[in-house]
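Asker: Below, the features straight out of TrEMBL:
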{"type": "ACT_SITE", "residues": "Glu100", "note": "active site, proton donor"}
{"type": "BINDING", "residues": "Asn85, Leu86, Glu87", "note": "substrate binding site"}
{"type": "BINDING", "residues": "His98, Cys125, Cys128", "note": "Zn(2+) binding site"}
{"type": "DOMAIN", "residues": "44-167", "note": "domain 'CMP/dCMP-type deaminase'"}
{"type": "DOMAIN", "residues": "204-317", "note": "domain 'CMP/dCMP-type deaminase'"}
Amino acid sequence: MPIAASINIKYHIGNALQSKAMDPLKFVMEAWEAQSMAESAGLTVQELLPTLVSAAQQLARPPISKYRVGAVGLGSSGRIFVGVNLEFPGLPLHHAVHAEQFLLTNLSLNAEAGLRAMAVSAAPCGHCRQFLQEVRGAGDVEIVVSSEAKKEGKALSEFLPNSFGPYELLHEGSPLLLEAHDNALTLTLTEEEEEEEEEEEEESPKQQLKIAALEAANKSHAPYSGSPSGVALLDSDGNVYRGSYVESAAFNPSLGPLQAALVAFVAAASSPQYHRIVEAVLVEKDGAAVKQEDTARLLLNSISPHCQLTTFLSHPL
């Protein structure tokens with residue numbers, strides 16, 4: 001259903017309701033919660049999205065630009081997801097996570113099968129318009145820019161006409177982002193690593209991280225370089241967060257596995273301060289054309305210098 005023109009009248013009602021009902025905004029809202037909030041405001045769930053953008057912006061972390069970006073998306077299940085921009089001082093800007101990248105990663109982490117519509121605080125940059133192409137039916141995703149006077153939805157195909165994307169490079173039927181992936185990887189262990197694994201307890205943090213990172217690598221969307229990878233992070237409370245590398249058909253807008261794991265950390269940790277990340281494991285493919293270890297280590301050393309990163313290679317079963 002298109003986002004109706006009536007949203008201009010009801011927008012402030014929705015904002016007021018949101019500020020009372022949810023402070024701060026959750027990164028994932030269950031379908032029943034979204035439906036209840038929308039009904040209380042006299043809105044459809046899709047019309048509710050722009051009313052949540054302002055609260056989403058408050059969750060952003062842009063210490064370099066000071067420009068907060070919020071994105072709120074409606075999944076095919078009826079759940080609502082939030083995305084924000086993350087920036088890392090002292091590092092090249094390509095380490096940053098755009099709000100729309102955060103949003104799609106959030107959907108993927110929560111096994112959401114599709115994106116129906118989204119609202120953003122400002123028009124998506126070209127980088128993000130391209131990244132969104134990795135979703136099946138991307139051109140039909142309806143986008144509302146909440147900062148515009150007329151909050152009318154437009155299809156992504158209007159934001160990026162004559163687009164280049166997965167269909168130009170992949171075989172028909174290839175899985176796209178948000179669809180099931182199984183890269184069928186297993187760890188390539190040295191004799192020393194095999195001995196260490198035998199000595200490790202099955203439920204040890206290191207073993208849990210290794211398993212989680214391998215699972216993330218197997219779910220990685222990396223069809224263009226054939227270089228799937230995954231990262232798992234451990235915080236000081238013993239919680240594990242994982243993220244999968246996501247490639248773009250245009251290459252540069254791709255999102256690294258550490259950034260994806262940081263999305264999971266920011267979205268789910270009770271106190272998501274980077275210095276609380278104490279250990280990390282990266283799993284990447286042996287002989288891969290695209291390697292993540294050096295850039296991941298650079299980012300981790302910057303945000304959590306005491307964090308230990310261990311890399312394990314993998315190969316197809």
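One is the number of the first residue shown, and numbering goes on along the chain from there.
Every residue gets a Cβ built from N, Cα and C, even glycine.
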Asker: Ten-angstrom check, please: count other Cβ atoms within 10 Å of the Cβ of Leu86 (substrate binding site), all chains counted.
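Answerer: Here the count is 24.
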Asker: Out of His98, Glu100, Cys125, Cys128, which of these recorded positions is nearest Glu87 (substrate binding site) by C-alpha distance?
Answerer: His98
Asker: Going by Cα-Cα distance, which of the recorded positions (His98, Glu100, Cys125, Cys128) sits nearest to Leu86 (substrate binding site)?
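Answerer: Sorting the recorded positions by distance from Leu86 (substrate binding site), the top entry is His98.
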Asker: Just the number: how many Å between the Cα atoms of His98 (Zn(2+) binding site) and Asn85 (substrate binding site)?
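Answerer: If we compare the Cα positions of His98 (Zn(2+) binding site) and Asn85 (substrate binding site), the gap is 5 Å.
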Asker: Taking just the CA atoms, what is the gap between Asn85 (substrate binding site) and Cys128 (Zn(2+) binding site) in Å?
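Answerer: So the alpha carbons of Asn85 (substrate binding site) and Cys128 (Zn(2+) binding site) sit roughly 11 Å from each other.
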Asker: Give the sequence-ordered list of residues that share a chain with Glu100 (active site, proton donor), lie 6 or more positions from it, and have CB atoms under 8 Å from its CB.
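Answerer: Sequence-distant Cβ neighbours: Ala71, Gly83, Met118, Val120, Pro124, Cys128, Phe131, Leu132.
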Asker: DSSP-wise, what's the residue breakdown of the domain 'CMP/dCMP-type deaminase' (44-167) into helix, strand and coil?
Answerer: 45 helix, 27 strand, 52 coil
Asker: Excluding Asn85, Leu86, Glu87, which residues of the same chain place their Cβ within 8 Å of the centroid of the Cβ atoms of the recorded substrate site?
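Answerer: Along the chain, the qualifying residues are Ala60, Arg61, Pro62, Ile64, Ser65, Val69, Val84, Phe88, Ala96, Val97, His98, Ala99.
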Asker: Which is it, of Cys125, Cys128: the one of these binding-site residues whose Cβ has the most other Cβ atoms within 10 Å?
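Answerer: Checking each of Cys125, Cys128, the winner is Cys128.
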Asker: Could you tally the C-beta atoms, other than its own, that fall within 10 angstroms of the C-beta of His98 (Zn(2+) binding site)?
Answerer: 23
Asker: Inside 8 A of the center formed by the CB atoms of His98, Cys125, Cys128, which other residues of the chain have their CB, for the recorded Zn(2+) site?
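Answerer: Output for this site, in sequence order: Val69, Ala99, Glu100, Gln101, Pro124, Gly126, His127, Arg129, Phe131, Pro253.
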Asker: Over all shown protein chains, what is the count of other CB atoms within 10 A of the CB belonging to Glu87 (substrate binding site)?
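Answerer: There are 18 of them.
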Asker: So if I draw a 10 Å sphere around the Cβ of Asn85 (substrate binding site), how many other Cβ atoms end up inside it?
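Answerer: Cβ-Cβ neighbours of Asn85 (substrate binding site) within 10 Å number 25.
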